[in-house]
Amino acid sequence: YCCHPACGPNFSC
C-alpha cells in the first residue's frame, strides 16, 4: 500500500 500524500490517487492504508 501507499500511505502518504505523495501517493496521490494511489493513496491506501
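Cβ atoms here come from the backbone N, Cα and C positions, even for glycine.
Remember, it's a predicted structure, so these values are computed and weren't measured experimentally.
Listed in sequence order, the same-chain residues six or more apart from Cys7 (disulfide bond) with CB atoms under 8 A from its CB number zero; the list is none. Under the heading disulfide bond, Swiss-Prot lists Cys2-Cys7 (among others).
Long-range Cβ neighbours of Cys3 (disulfide bond) (same chain, at least 6 residues apart, Cβ-Cβ under 8 Å): Phe11, Ser12, Cys13. Taken from Swiss-Prot, the feature disulfide bond covers Cys3-Cys13 (among others).
Annotated cysteine amide per Swiss-Prot: Cys13, in sequence order, evidence recorded as experimental evidence. Other Cβ atoms within 10 Å of the Cβ of Cys13 (disulfide bond) number 7 in total over all chains.
In sequence order, Asn10, Phe11, Ser12 constitute the residues six or more apart from Cys2 (disulfide bond) in its chain with CB-CB distances below 8 Å.
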